[in-house]
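In TrEMBL this protein carries:
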type	residues	note
TRANSMEM	A:7-35	transmembrane segment
DOMAIN	A:67-262	domain 'ABC transmembrane type-1'
TRANSMEM	A:71-93	transmembrane segment
TRANSMEM	A:102-126	transmembrane segment
TRANSMEM	A:138-162	transmembrane segment
TRANSMEM	A:191-209	transmembrane segment
TRANSMEM	A:244-264	transmembrane segment
TRANSMEM	A:285-311	transmembrane segment
REGION	A:335-438	region 'Disordered'
COMPBIAS	A:340-349	compositional bias 'Low complexity'
COMPBIAS	A:350-359	compositional bias 'Pro residues'
COMPBIAS	A:362-378	compositional bias 'Gly residues'
COMPBIAS	A:381-393	compositional bias 'Pro residues'
COMPBIAS	A:394-406	compositional bias 'Low complexity'
COMPBIAS	A:425-438	compositional bias 'Pro residues'
Amino acid sequence: MNVGKGLNVLLTALFITLFFAFLFGPLVIMVITAFNSSVFPRISPWDCFTTDWFRTLAGDRMLLSGLLNTMIIGAGVIIVAVPVGLAGALALAEASDRLRSILYTVMIVPILLPGVVIGISTIIFWNWLSYRLGDLEFLTDGIFLSILGQVTFIAAYSMLVFTSRLQRYDFGLTEAALDLGATPGQAFRKVLLPFLRPAIASAAVLAFLSSAENYNTTAFTIGAQSTFTTVLASKVRYGINPSISAVAVIIIAITLVAAIINEVHGRRRHALLSGGRARARIMGNPILCIAGHPAFVALILLVAIAAAVVAGGRYDSSVCTARILEEKRALQEKLMQQMTPAAPASETTPAPPPPPTSPPSTGGGLNPYSGVFGGGSLPGPANPAPPATPPSPSATSSPSAAGQPTNPYANVFSPGNLPGAAAPSSPPAPPSTSSPPP
Amino acid sequence: MGKLFAGVAHRHGLGVAIFIGSAMTLWLFVLVVLPQIAMVTQSFRFNLPPAEQGGPADVWTLSNYAYFIFGNGDGLNSVDLWVLARTIGVALFVTIIDLCICYPIAFILAHSAKGMSARLIVLGLIVPFWVNEILRAFAFRILFGTTGMINETGMALGLWDVPFDFIRANVALYAGLAYAYILLMIFPIYNAVEALDHNQIEAARDMGASWLQVHRRVVLPFAKGGLASGATMVFMLTAGALAAPQILGGPSSLWFTQLVYQWFNDALNWPRGSAYAIILLVVCMALVLLGMRVFKVPFGAIGK
């Protein structure tokens, strides 16, 4: 019996460990790749520790302007979705049983609608309306449409947050206020709204987070403009490099700081509210009182981050990267000398396999080539390879990683193998239907 | 509705009642119903240049739906039909995987973990989902790439000696999709399982039930609503996912939302894009309703 119980505990622990490894493993690896100087995000082979990818990021105008749009849309979504969600929750609370189940179903459906359906229906309806009203420009503005499209389902999230809070509200309090002479409006403002304040805050945070990370709907409604997420998505689709990992590092850092502060705040509040010994322990000891305060924890974390940023800004990895580049060039030359007799053969090598033609491909447009070029040594199919492409480092430095089939192609583009005039005319054609704007 | 309005006005005041009424109208009518009607209308139209709109050629048509089934006339449109079948099949598969992963975690969280460790588990569950969906998919791209961690480890251990293209084989996509909406599976199940009185489990154990029987006869029937809620959300979101298939999908296989995206944004054929979106919506909704009928779960269980 005891053995069985021990086994049970062991299995439980193992399962939880595996589960969290699945949850955090990919993120941890992504974070590490942000500090490797290799142009393809990976952790082995490890080239140099570098902070250059953050500098690349800071100079990325597209991403920064997308961030601004994301902030505007997020603010708009909060302003509309939170009151709408509150209204929905109040209507549910007041409705009769039969009406409540109908209303609830109607309100929950937007959560289940696929994002593409919401995006398409929003853009079609408002375009039609704008056309009917005589081409009103602002009705088809990307930011306006994105706010409306996102509110459609984010309002339902807010509704769920408010509903769960309202379930703990004693409507007798409102009745009491009315009996004591308050007008219904006063009772609402002075009794119910203060009770809902924590829910308003969490609904707003949830609304902003869902808005900022939404892609499925926004990809349609944003039109010619862009948000942080759509810029990120086009970067990932058309050529991946570690500066995207650097974005992840920043977001994860912000998330962790927020989570830690929230946890400290929650625990302190819990201790203070529970009163008695736990409260006395905190308030009676000045060190604990300060050290456990969320503001103090936030200050420490901010100082730590500032120190990391300054240290990272001063860190110079150019010596190391130059050395690695030199090593690769040496290796490349050695390989080229070995390959020289085989050069005519590699010239007649057929071009990379044509992209699948049956379905027009937007998604994995990059994929057919990612292996061919030894994984990301080229920025992506958007840039036709110039004739004098520098020796592709990843393909040569790690033959095992680049794989057997890639080697012939890796050398097709090395200057030595290309008879000058013929080369520029035959860059690898990007997949026809997905050729992205440069 | 009128009674509801009057009730709210009586208790919270006329101002609040008008606020609730107008907010609900804006949301459910202007943002949900009218756009859906516009999309359905659009899907029965030809894709005409602006000059011909409203002209004699601007008539109702079923051609956009016919194209999905028959393509350009000769036989069945097997490519698109297969994409839909595959999308639905994979979405079901991902839902089942998530159910299997999440049920034990939700149960442990609700009935075994106490205090500190429970808080930590919840925090650990939430934190990864504050990270952008695109970045989560990107992380799987790194992990499963030809020079990624999985290939390096596998080859170092001697499990295989040539890098395996997980992206082309769609393994990365399935893993990424299973990862993407795990949280939406855990919390509904957790809410349902947590409401179960632990004494009921103890009683079943005392009467000699094995753990398997306890789960099959006591916990699972009790948590049915939560399981259905989580499964519905994961299924709908997976079938409607766009980011993960665009980033992780293999080059020769498409997700149905990608077809919608192409008709809409690349081919600029809005009517056909709408028709495809409606097809996706109708098929998914029909499956969800069928599932609820089979497992005898009311629709109201979703989201709780």
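We number each residue from 1, going along the chain as drawn.
Cβ from N, Cα, C; glycine included.
Sequence-distant contacts of the transmembrane segment (A:244-264) (same chain, at least 6 residues past either end, Cβ-Cβ under 8 Å): 27, 30-31, 33-34, 41, 53-54, 56-57, 63, 232, 235-236, 292-294, 297-298, 301, 305. For the transmembrane segment (A:71-93), the most Cβ-contacting stretch among A:102-126, A:138-162, A:191-209 is A:138-162 (pairs under 8 Å). Non-local neighbours of the transmembrane segment (A:191-209) in the same chain are 74, 77-78, 81-82, 85-86, 154, 157-158, 161-162, 164-166, 169, 173-174, 177, 182; each lies 6+ residues outside the stretch with a CB under 8 Å from one of its CB atoms.
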